[in-house]
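This report concerns only the one structure given below.
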Amino acid sequence: MAASLLRPYPHGLPRADPNLASHQPTRLKWSLGRRRRRRHILLCVFSSTATFQRELLVPPGPRTAQNPGPANSRNLLDRMPGRSVATVPGAANLLDERPRTRRKGAEEQNRSGAPKSGEKSRSATVVALAHAGRHAEVVEHFRRMRMEGVPVSRFVLPSVFRACVGLRDSRMLRGVHALVIKCSLCQHVVVGTALADAYVDFAFLDDARKVFDEIREPNAVSWSVIIGGYARSSRWAEAWAAFSAMQLSGVLPNVSVLVMAIQASGALGCQVRGKQMHAMAVVLGFGMNATVWNCLIDMYGKCGSMESCRRVFDTMISRDQVSWNTIISSYIRLGLCEEALDMIVQMQESGFTIDRFTLGSGVAACAHLGDIDKGCAFHGYLIRRALDTDVIRGTALVDMYGKCGNMELARLVFDRMDERNYVSWDALLSGYVENGLVDSALDTFRQMESTDIKPNQHTFANLLRICGDRRYKEYGRQIHGHAIRVINQMNVVLETELIDMYAKCGCIEVAQLLFIRMNERNLISWNTLLSGYVVDRQPVATINVYRQMELACIRPDRYTLAGLLNLCRFQGLLRYGKQIHARLIKTGSEMNVVLQTLLVHMYFKCGRWRDAHNVCTLIRERNSHVYEAFFKVYGDYLI
């Protein structure tokens, strides 16, 4: 048992024959010779392969059909039928050595920028084409670069965006945007800003805002793009919100951003924000910038503060033509037309010439004043400079003559104009409407349609103003039907004019139906319906409209109260008249001369002489209507 455990070989294997020991050296000698032969073969292969590679590495000349030139060494060796890495390991290492050396050198050259010279030249070509305005070639060159596998460069993409805008191809822009997302370049400030600017040019502001939100660290230019997009679309509330976000981010505004913030303050009518922008302009050192100061003048004028507007103008160090035109237009906007004409004279005395904008403002001032003599003087000035046939100045002249009541000269100026647009036709039509020339207004409307100028809601609202009479009720219905065919959705102004027209024509039921169907109602709409019921002598319906108006949280103004006082005056409703008088005292409106006159007539109609006398003693402003009321109260004792 113990002997079997100590056996040197496993069970079943034969023992080594001692007689075979003499053959072992012979086997070893044979193996050594075999290795030597294999080494000799490998050296031969090495020599031939090295020679073959040197021949292949010679730079190829121009290939022709007779001399196609050397092919790639790796491709030739790959097609060799007897090549085997297992049988020829040395040869395999030799063939892989030189390509690996070339790849390593290529990587070093990539880091140094040498092989990217081709990419840089092609990128420079794209940028140069974009600057030259050759947008189609930019897109084609970029497409070739993508087909050849050239990596996307953040320096090329802004030029491609500009080309998409130049070609007005929004689909291509969205395609390039997808490529930007794929390359993870949305957060780059240059690429993101250029892409947002392209979307702004297409008026896709929501897409521009999404792109802007992806920018990691937006700079002043990025904020300028998004704020400018909102300002260009007159979305002033969003422009101001973006400017506030810019301030919270710690980015200081440049001149363009500050100008747009001032414009937003003026458009929103917020003088407090405008004063903040004024202080910021002083702090940032823009006191010498005429553009900022001109925008401040315009902002204060839109906010109704002519005193601040004039103070900014007086403190300006360097005034230009725009400064004078801005202050003049601010005077006209606030109804100070005499002061505007005086400023034109001061402008000439200061050495500035009157341009077309100054002339337009002067004509508008004459139109507001109804001063045809000064208007003719401006007209002569325009004729001497051959500007009377210009569409803008000619339209201003037509409007001025129409408001002065001289429609013959208005028509003459209109016929002399080189070009007529919708505003020109509307100015002529408004002149006929204001002067009560119904037939001429309707003829002008027919001529307007014959020139393929589509009337809009303002045109129909003007025409309805001349139909507020029972004689022209049929004209009003035809205009209403035509407006339904032309306009898809009427606005609140046109619907209010329709209510007023039907109420004045005695169709109060139709006016009530239109009022019920309105999608949007304002204070003027309520006052129009209430006045319609007053004229129709329906006191119960009038009071019901007033109560519904209060339930709708619409605060009545002096026109509402005047309509109610007229109702009490005609119907002798003393109880309601006293309630309205109490409301006037409560709201502080009892000193309005129109309402005081109506109170006198109401108390006189109801036989309350003492109350009428008490109201008469409070009236300070005296006009013909006030004296008429005094005469009714005091009779022959009126002094």
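Note that Cβ sites are derived from N, Cα and C of the backbone, with glycine treated the same way.
Caution: TrEMBL annotation is automatic and unverified by curators.
Taken from TrEMBL, the feature compositional bias 'Polar residues' applies to 64-75.
Annotated compositional bias 'Basic and acidic residues' per TrEMBL: 95-110, in sequence order.
What TrEMBL lists as region 'Disordered' is 1-22 (among others).
Residues annotated as region 'Disordered' in TrEMBL: 58-123 (among others).
Taken from TrEMBL, the feature repeat 'PPR' covers 219-253 (among others). Summarising model confidence by region, the repeat 'PPR' (219-253) averages a pLDDT of 93.
What TrEMBL records for 289-319 (among others) is repeat 'PPR'. Counted with DSSP, the repeat 'PPR' (289-319) comes out as 22 helix, 0 strand, 9 coil.
The repeat 'PPR' annotation in TrEMBL covers 320-354 (among others). As a summary of secondary structure, the repeat 'PPR' (320-354) carries 26 helix, 0 strand, 9 coil according to DSSP.
The repeat 'PPR' annotation in TrEMBL covers 421-455 (among others). Residue counts for the repeat 'PPR' (421-455) under DSSP, split into helix (H, G, I), strand (E, B) and coil, are 26 helix, 0 strand, 9 coil.
According to TrEMBL, the feature repeat 'PPR' maps to 522-556 (among others). Long-range Cβ contacts of the repeat 'PPR' (522-556) within its own chain (Cβ-Cβ under 8 Å, at least 6 residues beyond either end) map to 492, 495-496, 499-500, 502-504, 506, 508, 511-512, 515, 563-564, 566-567, 570-571, 573, 576.
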**Fill in**
Counting only residues at least 6 beyond its ends, the same-chain positions whose CB falls under 8 A of a CB in the repeat 'PPR' (219-253) are 189, 192-193, 196-197, 199-200, 203, 205, 208-209, 212, 260-261, 263-265, 267-268, 273, 280, 284
**Asked** Where DSSP helix means H, G or I and strand means E or B, what are the helix, strand and coil counts for the repeat 'PPR' (219-253)?
**Response** 27 helix, 0 strand, 8 coil
